[in-house]
Each structure stands twice: as structure tokens, then as C-alpha cells.
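Per Swiss-Prot, Zn(2+) binding site is recorded for Cys34, Cys243, His268, Glu272. The motif ''HIGH' region' annotation in Swiss-Prot covers 36-46. As annotated by Swiss-Prot, motif ''KMSKS' region' applies to 301-305. Sequence annotations record features per position, and here Swiss-Prot assigns ATP binding site to Lys304 based on sequence analysis. Per Swiss-Prot, region 'Disordered' is recorded for 478-497. The feature compositional bias 'Basic and acidic residues' is assigned by Swiss-Prot to 480-497.
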Amino acid sequence: MSDGFKALKLYNTLTRRDEEFVPLDPANVRMYVCGPTVYDFAHIGNARPVIVFDVLFRLLRQLYGDDHVTYVRNITDVDDKINARALRDFGEDITAGRLTLNEAIRRVTERTAAQFHADVAALGCLAPTHEPRATEFVLPRTDGKADMASLIQTLIDRGHAYAAKGEILFDTASMPDYGQLSKRRLEDQQAGARVAVDPHKRNPSDFVLWKESSAEEPGWEGRFTFEGKPLVIRGRPGWHIECSAMSAAYLGEVFDIHGGGLDLIFPHHENEIAQSRCAHGTPVMANYWLHNGFVQVEGKKMAKSEGNFVTIHDLLATENFGGRKWPGEVLRLAILMTHYREPLDFSLRKLEEAEAVLDGWYRVVGDAKHQEGDSGAVRRALLDDLGTPAAITVLHDLRAQAARGSEAAKADLKANAVLLGLLTQSQDQWFSGKAADAAIDEAAVEERVAARLSLLRAKNFPEADRIREELSGRGIQLMDYKDPETGERRTKWEVKR
């Protein structure tokens, strides 16, 4: 670790407790995060892990050195959802013979992956060290890196897989401690199965490693051997085996951190662990498992049927949410204002609050250079399980000092914010195109001023200060004075450019 700061502590889903982070090799800290399945544009729920683990990547780079952290985030470009999207979007072309299904699939995945890259760049995320695509790791490779077919063969040879009905499946009963991540006991799953189990499965929890493709579906020539007898199945890999192969290809059989959304704990991450441990004969796949919480939109589960399905592209490039486009930095801060393990209620109000805060920070930071500041305060907050809310409180305090004219605080504000991936633009870039006066709703400002006065009379000073900060972030300066006739506190306001 680069200095004398306290140790990094992370909540490990595997053990259900906070643990001090001790890398296997401080000279090469290794992290794998599940990336997108590129059949549709990434939504706001997908944005959360991208941003959260970007912050962790930035922190690890600062602690161990930029060249000593390897971050792998995959792209899943083989999946039945992709096949279905290709048929939906290019069905007429396929029927008319203008495109093959494989060509249509390639168009879907290339278009969607390109949009994903544009989205995450706008969110201020650093590029991962490696971004492998699943289709590049299906069959044995000339460079000797791990691949899916070889991993499946190893599982067969070690007695963890069987063939049935055109599929190769993982035998969960062959792994005594299957379910350790999700805390689901195999016996309970077998006893509690309430849906019909595929008759070709030995156990309800068994899952597909390789499945047969029809003549029309994409597929690879999978060549396997069972007890000396060859078995050739033209097919495609199961979802879980993809991440086991790609993580091993770049990070080895055991690595430091595996991350993703809470929804991936079971079955995806559980099954990754099963495959990897049984194939490699290791006690763990990764030492630390981190999961971000769920995202709701305006208090409801996000769903197209609810009409609240919001993509990152919608927010950045259309006026579908709140009647306007939103800067990526606003979206980033709105997500970081909630601790990564807590549920996040994404709302118009949260975006407005985040933008007001950023306006306030950019107003005071001026042309300060982050290289001249000290980012230690935010680093200390992040060392406690990526405590971004505490880190943002640090930035509020620095903004207050900077507003009083402290040049050192301006540089520190910039340096600390950059560690979170914020304040990465110049002041002019941020405010270009913003018509501050035109954006002011005078009635709304008067309402907030009146609310603040009520809070002051009730001696609720923290909430009153919060409103002042909110308005200040929008370029509105409050000036308190006494009414000369009644002696009561009054407030006037003006817009400061």
C-alpha cells in the first residue's frame, strides 16, 4: 500500500462480514466484474455496477499504483436473448436471404457494445485493463489462454459433468459445499423444488455448460470425451461457463475480487464458483465477492410494463426523463450519493439534487489543478467499504472552505472529487451552454427560501443549511437580514454568475 492510511475494508458476500483487503500479490491486484449482455442498451440498473467498480478501480490504482491493478470486465456476446433480438430486428432480412442469422447477431452485438462504450465513457468510467468477448473464448486458443470447451472437458474428466439430451450439465451433487455464496444448501433446493425439473437433470440445481444448437442457431463444434468415447455437439456455451473461462484467462485460477449486482449472486456467481473450483481444484475462485444493491425508479421496480424502464442513453441523449437531457457526471453523482450496498431509488429529484451539487462545486473550484491537491480525505472515506456518502460529505466541507476563499481547499476539492471520477472537466466546459438565469424558477426559489426560514425558526439548522447549499449549487446566493420594523429574520436572494 502506498502510504500509512488505514487498511481497505470491504464487505465480503462470501463470508457476510467486513474484511481487511489483503491482495494475493500487491504487485498485481486482480478484479473481475460481470459486464453487459449486448442485446439491448444498458439501463440505469446496469450503470450502477459500472460506476461502483470504477470507483474501486480508481481507489486500488491509487493504493497500489496504476500499473499494479488488473481490471477485467467481460462482454457477453453469445446468448439466447441476443439471438431473439436479431430475429426481431432483422427477421425480414434473414427471411429474404439478405442476412444470415449470424450476420444479424453480429450487427446487434456490435451496435449494442458500441452504445455501451459510449454510455460508460459519458459516465466518466475508466476503461478496464481487459474487456474480453465471450465468443473469443469458446474453443481452444492459439495463445493458450483458458477457454470454455477445455474447461468443460476438465469438469468431465474430474467427474463434475454429464451429458444428457444434447447438453452437458454440471452435476451440483458432485460439489459438497455447493451454495456457499448464496447460503443455499443443495439438500434444501432438492427438497423444496416446486417446479417440474427437467427429467434429464440429475438434480434440480444442475445447470448447462454446453447446449446443442439447431441448424439455424449459432454454434461451435464442441468436441468432448466421456470415458474415452468422443462426443461431438455443435452447440454453444452456457452463461456461467463464460465468466469462469474469461476470468481464468486474464486473472488466473484464483484472484482477488469478483464483483457484480446483487441479482447475480444466484445462480450466476454461485455457478461460476462451482465450475471454477471444481475445474481447478482450488478452495476459492476469488477471495472477496462484492455486490451492489438493487435500483428502483421513483419508488417502483424498473420494468417496461411500468413505463419506467430508463436506459443510460435515454438519460444522456433524449428528453424522456424529466423533459431534458442529463450530463453523465450528474448521473454518476446521483448513484454515488447512496452507499453501493444499499437499495437505490433513482428519481428526478435525485438527479436535480446531484446537478445542483455539481454546479456548486464547479463554481468554487475555478481552475484549480487536482495534481496540486491532497485526495487523502476522500480516500479515508472510501477505505471503509467504499463509503461514497461519507466521501461526498468531505467534498461538501471542502466546498464550504473553498467558498470562503481557501485556494488550498479548491485544489483539495478537485483532487478528492477526481478520485470519485467527478470534477474532471474545467469550469468553462461544465457551464458552457448553461443559461443560469433562464433556468431559475423564481416561484420555486421563493418556496425553498420560505421553507428554510421555517426550519430556522424551528431551530432545524442542518436542514436549513442543506437548502442553502442546494440553492448555492444552482448559483443562488442567500442574504439574511432583519426586518427593520418587526425585527424578524428575512431573506433575499440573487443569482451569482
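Cβ coordinates come from backbone N, Cα and C, glycine included.
Annotated features, which come from Swiss-Prot, shown on the structure.
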{"residue": "Cys34", "record": "Zn(2+) binding site", "contacts (Cβ under 8 Å, 6+ apart)": "Pro49, Arg73, Asn74, Cys243, Gly259, Gly260, Gly261, Leu264, His268, His269"}
{"residue": "Glu272", "record": "Zn(2+) binding site", "contacts (Cβ under 8 Å, 6+ apart)": "His240, Cys243, Ser244, Ser247, His258, Met285"}
{"residue": "Lys304", "record": "ATP binding site", "contacts (Cβ under 8 Å, 6+ apart)": "none"}
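Look at the Cβ of each of the binding-site residues Cys243, His268 and count the other Cβ atoms within 10 Å; the largest number goes with Cys243. Across the range of the compositional bias 'Basic and acidic residues' (480-497), the DSSP-based residue counts are 0 helix, 10 strand, 8 coil.
Broken down with DSSP, the motif ''HIGH' region' (36-46) shows 3 helix, 2 strand, 6 coil.
Other than the site residues Cys34, Cys243, His268, Glu272, same-chain residues with C-beta atoms no more than 8 angstroms from the centre of those residues' C-beta atoms, the Zn(2+) site, are Trp239, His240, Glu242, Ser244, His258, Gly260, Leu264, His269, Asn271.
The average pLDDT computed over the motif ''KMSKS' region' (301-305) stands at 80.
Lys304 (ATP binding site) falls within a helical segment according to DSSP. DSSP assigns Glu272 (Zn(2+) binding site) to a helical segment in the three-state reduction.
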